[in-house]
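Chemist: Sharing a structure, written as structure tokens. Questions coming.
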Amino acid sequence: MGIENIVLNLVIVIALLPLLSFVLLLFLGRFLPGRGGPVATALVGASFAASLYVLFQVLTRGNVASSMVWHVAGSARFTLGLLVDELTVFMLVVVTSISFVIHLYSIGYMHREKRLSWYFAVLSLFTAAMLSLVIADNYLQLYISWELVGLCSYLLIGFWFEKKSASDAAKKAFIVTRLGDVGLSLGIILIYVSTGSFIFSEVFQQAEGLSMTLVTAITLLLFCGAAGKSAQFPLHVWLPDAMEGPTPVNALVDAATKIGAGVYLVARNFPLFELSAFSTGTVVWIGAISALMAATMAMVMTDIKRVLAYSTVSQVGYMMVALGTGGYFAGIFHLMTHAFSKALLFLGSGSIIQAAHVQDITQAGGLYRRMKITAITFILGALSISGLPLFSGFWSSDQILRDVYNYNFIIYVILTFTSILTAFYMSRLVFLTFFGRKGDKAEYAHESPPVMSIPLILLAIPTVLVGFIGSPFLPEAYRFFTLFAPESFGVRQVEANYAVMGGPIAADLAGILLAYLIYQRNLRPQDWLARYLGPYYKVLLHKYYFDEIYLFLIVRPVLRLSDFIGRFDLAVIDRVVNWVGDSGLRFASAIGIFDLGVIDGIVNWVGDTMLDNSSRFRLSQTGYTLNYLLFFFAAVALLVLWIQFA
Amino acid sequence: MIPLPYYLIASTALLSVGIFGVLTRKHVIQILLSVELILNAVTINFVAFSLYIIPERPIGQVFAIFVITFAAAKVGVGLAIILAIYKSLRTANIEDIRLLKW
């Protein structure tokens, strides 16, 4: 067995371990120690270790992009396969590492829950679905995993389904994503119709032969799916509501799984997107709009988790912009740095929520003294998201901006402006939560137990350090990192561009300073923002009225239509059905009479006649043995005579 | 050598006696004995035909031995049945045994 086979089998094991955990916890969760939590954590941890091994195998052996057929179903085109290339191993490591930490954290965070085994089971299934999504080598398999990811997010966001808002949020997340998924499924159908194949490599080979309109249509449809899953404008509305779910789930959704799935889809189909300038333009603009709009909303939110949710939408906008401008690995690099930082921030916010029982940042305050580990790691994550130099978020956003700078100056300006906002809302979060006026709840707050604080520290390490592999100042590390980018996509501009770098740094510092002045030094009153922005502030508070617009344009008409259809159903369809039923009944009773009179009569007559005749025939059975013998010999005699003369 | 018809006449006579016995005797044991006569008639036929048609191979004689063996076995079974019937009905008269009537 060659090393390639080992790697391929190992990849299957990586995806199957969380699935095993799911099955185990589903059936035996009650009997396992800690109701299954440690078991699930261990299995996902093993998956993470295997991912690291696969990562190094793939990187040191250069090109290992290869696939193997599991089995053929139906006609030959429907294959199941594995594709283990640079992008795959990259996603494997990010997903398994973050999932592992979140599992560990959940042991502490969720230990009071009634349905703990179920929680861990679905958490593992979520991980398994995401892993099988990134190892798929064809669209069909990808789509199956894609839907599984959607299902798991539904189950987890609605984990506290006794609460109306939670079950509503779960439904919203599922249905809004579904809108995008319709696009994805149409795109996949279009791909199959035009190329006759589901397999990525075959599709990409044939793509250049397709007409421009077709490629544009396909990529736009695929992007629909990606925008739904990654919560991009205008399908971003589900993500803030998803904050009704347990905090570790938000961390998993926002950092590694569901959000990552959309970015992964675009990255995986990069060869297709590259062919259509219109599609990449759409991706860039949608990304830029999402980045800016979400950042503005994050400025005014007071729920700590909602701020983080909008921040996620904004940062994913960055990734989309990067992918659209052709910065293939700037995009996935940002996916990685953001994943670690955002997971850290969510877990930190979970720690705050549990310690201080407060989610509203205006109610918090002065928590720094009470919970130092949470505070310090949270600040590190915030600085990384803000893109402060030397933190990992800085290196990745710097690469994105370098690509954007060459692509379109307007986008560059938008993203730089977004950097100010990002730095502002992140600093606002930190200042209001950890410093300043002591909130009522801060008195009783305490640091979380080690099972929750250790994951924070584990995540803080990559949050700070992982960016250096993409730093232009460390050519050795950088060369290692460029291994991730397939050669055909090209590695752009290795040296630093100080002019491009300077803008965002200045923007960050300005944003942090502004937040510091308002919320820490109180140089401006706390509601300065509201007064300064005027009516626009109200628009922001209402999240640009997206929910209201959707309610008015989509939800209400749909409800009214279904109401009408329901009435039509009662008035017309039901009546027709009843009429059919009644006449059936009448017809049947007529048939019944005929049955009794004629059919039964014939049957009875046959039976009676038989009985009559046979009672006569049985008289020949005398019971005298000699009688029988006489008959016997007579018959033999007759037989002999017959043979003789016939 | 005795001509074939002689044998046949002898066996036919034996057969007739047997059938007559079977039909007229009342006692079950007597009927059993008459059946033996019928079997013996058959045996004579086997041996006679074998002698006249294929004298070089004693097929008929082999058959005769089979029939004798079979007759012995049959008598065993027959006597057992008669004993069983006698035990339950206290009679061995064929006219009193009407178990086969409907």
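Backbone N, Cα and C atoms are what each Cβ position is placed from, and that goes for glycine too.
Copied straight from TrEMBL:
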TRANSMEM  A:39-59  transmembrane segment
DOMAIN    A:70-120  domain 'NADH-Ubiquinone oxidoreductase (complex I) chain 5 N-terminal'
TRANSMEM  A:87-106  transmembrane segment
TRANSMEM  A:118-136  transmembrane segment
DOMAIN    A:136-422  domain 'NADH:quinone oxidoreductase/Mrp antiporter transmembrane'
TRANSMEM  A:142-161  transmembrane segment
TRANSMEM  A:182-204  transmembrane segment
TRANSMEM  A:210-228  transmembrane segment
TRANSMEM  A:282-304  transmembrane segment
TRANSMEM  A:316-337  transmembrane segment
TRANSMEM  A:373-397  transmembrane segment
TRANSMEM  A:409-435  transmembrane segment
TRANSMEM  A:456-478  transmembrane segment
TRANSMEM  A:498-519  transmembrane segment
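Help me picture these features in the structure, burial and contacts included.
Modeler: Long-range Cβ contacts of the transmembrane segment (A:409-435) within its own chain (Cβ-Cβ under 8 Å, at least 6 residues beyond either end) map to 284-285, 288, 291-292, 295-296, 298-299, 301, 304, 307, 310-311, 314-315, 317-318, 321, 325, 352, 361-362, 364-368, 375, 378-379, 382-383, 385-388, 397, 400-401, 500, 503-504, 507-512, 514-516, 518-520.
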Chemist: Quick one: DSSP breakdown of the domain 'NADH-Ubiquinone oxidoreductase (complex I) chain 5 N-terminal' (A:70-120) into helix, strand and coil?
Modeler: 29 helix, 7 strand, 15 coil
Chemist: In terms of Cβ proximity under 8 Å, which residues at least six beyond the ends of the transmembrane segment (A:87-106) contact it?
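Modeler: For the transmembrane segment (A:87-106), the sequence-distant neighbours (Cβ-Cβ under 8 Å, at least 6 residues beyond its ends) are 11, 14, 18, 37, 40-41, 44-45, 47-48, 51-52, 54-55, 58-59, 119-120, 123-124, 126-127, 130-131, 134-135, 246, 248, 251-252, 255-257, 260, 264, 267-268, 332, 335-336, 339-340, 343, 347, 350, 451-452, 454-456, 458-459, 462, 484, 486.
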